[in-house]
């Protein structure tokens with residue numbers, strides 16, 4: 001079908017960007033990726049989806065043109081198109097801003113919650129996970145040439161914005177979008193110190209976000225009040241959702257605690273105590289809205305009689321990928337030493 005073809009194109013285009021050493025090839029991969037993503041966002045054929053697709057196209061086209069501009073400036077000044085040797089200061093500044101725009105990082109984040117809100121849950125999942133890989137790969141490759149101060153500033157801003165802006169939201173997709181911005185802020189801060197740590201943070205972020213989006217899609221939850229009424233449909237799943245939310249907030253002994261703990265430790269050992277303190281304080285508003293979601297999910301559930309429970313007893317259907325992601329979201333902390341050698 002057309003949808004499968006578009007998903008295959010998405011996968012191929014990201015792989016092209018990941019495998020490229022030449023700027024034009026990387027740019028081509030990003031462009032194919034954008035062109036494949038637009039029909040996926042616009043698929044529901046309603047005004048909100050069309051608006052989301054238009055916003056996505058405009059931002060991605062602008063970011064891609066900035067990347068092309070940066071690579072041309074670099075080629076003009078240095079005489080080569082290799083990604084690893086992007087040494088021109090003008091090119092690296094332009095590139096950092098373009099990648100921040102593509103990833104939906106503050107201060108170029110305004111499009112991201114709007115596009116997520118206009119998408120279906122599966123599309124929002126793709127935007128929050130797979131679509132981060134190609135720009136992040138370019139950031140990994142060019143990081144030695146990028147300004148560390150600029151990357152840390154963008155990371156801190158994203159962590160702060162993701163926490164504070166999510167406080168006032170009642171739409172689940174927007175909450176997840178701001179959660180994503182905050183997590184990307186932590187990831188960028190980790191990237192300036194240690195590539196392996198940033199990769200661990202990315203892995204845990206993808207696992208936790210996937211779990212949350214599959215749960216929301218399965219229970220047809222779109223707003224905060226919806227959460228309070230879905231408990232009778234799948235009590236066990238919603239109980240595990242509470243743990244997933246706590247994990248997203250970074251509470252021990254859950255998986256989400258590992259990256260935050262390690263990033264904080266690394267920042268402090270690199271004498272970046274003010275940044276570590278700001279990041280920890282920035283994660284408090286995020287933790288507040290995760291706990292509020294957990295409260296709505298299970299703690300406000302009314303005492304239910306047998307008639308209510310008949311609802312879910314005949315339909316014990318849970319998506320199979322969910323079992324795996326739920327387990328890793330909650331139980332990965334003891335394996336941290338294997339995933340990331342701390343000594």
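Cβ coordinates are placed from backbone N, Cα and C, and glycine is handled just like the others.
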Next on the checklist: Tell me which of 177-196, 197-216 corresponds to the transmembrane segment entry in TrEMBL.
Outcome noted: 197-216
Checklist entry - Looking at the ranges 218-236, 237-255, which is given as transmembrane segment in TrEMBL? => result 237-255
Next on the checklist: Among the residue ranges 93-112, 113-132, I'd like the one that TrEMBL describes as transmembrane segment.
Outcome noted: 93-112
Item to check | Local confidence of the domain 'NADH dehydrogenase subunit 2 C-terminal' (287-340) - pLDDT mean | outcome: 71
